[in-house]
Amino acid sequence: MAKKKSEEHSGADANDSDYNEEPNFDDPPGYVDNISDEDLLGDMLAQRPSEADGVESVVVVDNMPKVEPSRLEKLKSVINKLFSQCGEIVNVVYPVDEEGKTKGYAFMEFKTASQAEDAVKKLNNHRLDKNYTFAVNLFTDFQKYENIPEKWEPPTVQPFKVQSDLYNFINDPDAYDQYCVAAETAPNCVQVGFWQNTLPEPNELETRERFTDTFVKWSPLGTYVVTFHKPGVAIWGGSSFQKIQKFPHPGTQFVEFSPCENYLVTYGPTPTGQKIIIWDIRTGAEKRSFVGDGMSVLSMFRWSHDDKFVARMGENSIHIYETPSFYLLDLKSIKIAGIRGFSWSPTDNVIAYWVEEQNQIPARVTLMEIPKKREIRNKNLFHVADCKLHWQKSGDYLCVKVDRYSKLKKDKKELDVKFLGMFYNFEIFHMREKEIPVDSVEIRELILAFAWEPIGNKFSIIHGEPNSANVSFYEVNKGVKPSLVKRLEKKSCTHLFWSPRGQFIVMANLTMGTFEFVDTTNDYIISASPDHFRASEVEWDPTGRYVVTGVSSWKVKEDTGFNMYTFQGRIIRRTILKNFVQFLWRPRPPTLLSEEKQKEIKKNLKKYYPIFEQKDRLRLTRASKELLEKRAQLRETFMEYRNKRIAEWKDQKSRRIMLRGHVDTDNLETDEVDEEVVEFLVKEEVTLLE
């Protein structure tokens, strides 16, 4: 082609000496190319379609039991039941030796490749029993491992990321607590501010726009704060609240931390119900997942106090999983016919559960020691409609609120059951005493609320009519029945909030927004009765020194914000914040001091008073100085603005005189001003008199 084009051009203009002939790229005769297609087009050839060999839907299951022919059918039944949960099984082959004994592995073909991948994901490392743990792989993995390059290339060294101190918030020399405030700036867009509760004014630490889509939540020890997003959740921590870890679980609606902050549980919707995933917080790895049957599964897991066990309730059973493997304890569930609820002790590996009445068998509350699964106490109950389990924070007592009935009315089909003549019992288990004695308190009125004193031996009950209820305080002592120590009558409260340190309690009406602060060691005197209209939440700080009440925009759309009070009910500050949604104090980890050291400090507390008083005086002096400096700065700013406007007013004098008929009105005396009164008709009314 190049030669032909050159000839045509020469014929057209033979005298054109500037024309250069195009180069000829043809290979010489007999030339053989020595480069292969793989070397030349390797990346393209790797993407070309290949003929399927039909093994994409086949999995290989290793580490299976080696059984005799007589036991093969039973093994097949167990394996098919387990793997059929992942999809339709087309064919299964169990290779056998010369004696007919299985070789410990099997080939399993599913209907689709996606079902095979799901089987690998769900059942790889599945523990069949204490001797056998499955190793499930795709058959196509053999081809992948055959093509491993012979020359080993070391992995690229990743740069070390220095993580900030996650516990810096407890190193403050004055022990100021922190809190976060969330406000919705747009739909699915929440601004979160982090503050330190310093005196006289709080100190802003950090403010993040669009920090979360819905709300935030602190971990139990205050190390992390979790945020919610469409792809999943993330946890943040450190001095500047850096991202520590993220957990991909689309549509997560709720999360739970384990008590020691080793694990995180996320709850998110699926087309068939709820999916629950348990994550390792430090590595971000998924430890185990479950599928629930609806919204009722929120908070379905219960953790032991030391993170060694996590439990959930099944049909007539409790499933207890060991960490970190998350296998069932002893590889089987605990069968309990008629179980209706359970709860862990906050300080010991003891589970309390209750079962309903069945076939003339009374209801029962049982305490079980884990991992021995040994029942350490039983209590039979009669005519039971419902039970609620309330552990005291220190684990010293368990209260079982029993809803009892006098008569039971059923329809003909026994589908609709009505309980008549309701009354209530409080069964108090003394956990620290020998053989765990049980005391009972009976109340014949409607129970509105119950709350234990976190550190102490008292509990409080709201009972009676909602608008005119009574609040009773009981004291529990060793060897005697719980005694009524005080009853406050005709109160309109609906909720009880004890101080984390005990002694003080807030009786709140979260419908009307009224609060009463009570000191339970000073003859139960009401020290203050503030109100916060439409308040929907009450939050004690971890030290029991401050209380916050909040009006959230989730409840109302106007006058949202929060108030802060002392433990005696004295108002400290009021904050009005548009679209305020949440206020949360940052939790504190338990003290590292022994009980003996704490007692010693309390005993010698008087010698620390002068130090604290001196700090208070310095703080007040510093606060006064800062206040004076702030006022001086405001005055200086105002005077600067005033002088600027006066200068502008003087520059406009000639313009004013011209507009006012060449009369200088700036220097007019009041005596020279004529006052003229003008009257005009505004309205006329006619009234007919009979």
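Cβ atoms here come from the backbone N, Cα and C positions, even for glycine.
The feature compositional bias 'Basic and acidic residues' is assigned by Swiss-Prot to 1-11.
Taken from Swiss-Prot, the feature region 'Disordered' applies to 1-33.
Marked as compositional bias 'Acidic residues' by Swiss-Prot: 15-25.
Per Swiss-Prot, the feature domain 'RRM' maps to 57-141; the stated evidence is sequence analysis. Helix, strand and coil counts from DSSP across the domain 'RRM' (57-141) read 30 helix, 23 strand, 32 coil.
Residues of the same chain lying 6 or more positions beyond the ends of the repeat 'WD 1' (207-246) and with a Cβ under 8 Å from any Cβ of it are 163-170, 178, 180, 182, 185, 188-194, 252-253, 255, 257-261, 264, 266, 281-282, 284, 542, 581-582, 584, 586-589. Residues or ranges marked as repeat 'WD 1' in Swiss-Prot: 207-246.
Under the heading repeat 'WD 2', Swiss-Prot lists 292-331. Outside the repeat 'WD 2' (292-331) by six or more residues, the chain places 127, 129-130, 253-254, 256, 258-260, 262-263, 265, 267, 273-276, 278, 280, 337-339, 341-349, 351, 353, 370-371, 373, 395 with a CB less than 8 A from a CB of the stretch.
Residues 302-306, 308-309, 311, 313, 316-320, 375-382, 384, 386-389, 391-395, 398, 400, 427, 429, 431, 436 of the same chain lie 6+ residues outside the repeat 'WD 3' (334-369) yet bring a C-beta within less than 8 angstroms of a C-beta in it. Residues annotated as repeat 'WD 3' in Swiss-Prot: 334-369.
For the repeat 'WD 4' (442-484), residue counts in helix, strand and coil come to 0 helix, 26 strand, 17 coil, using DSSP. As annotated by Swiss-Prot, repeat 'WD 4' applies to 442-484.
If you look up Swiss-Prot, you'll see 530-575 marked as repeat 'WD 5'. For the repeat 'WD 5' (530-575), the model gives a mean pLDDT of 94.
Counting only same-chain residues 6+ beyond the ends of the repeat 'WD 4' (442-484), those with a CB under 8 A from a CB of the stretch are 388, 390-394, 396-397, 399, 401, 422-426, 428, 430, 433, 490-503, 505, 507, 520, 524. Sorting each residue of the repeat 'WD 5' (530-575) by its DSSP state yields 0 helix, 22 strand, 24 coil.
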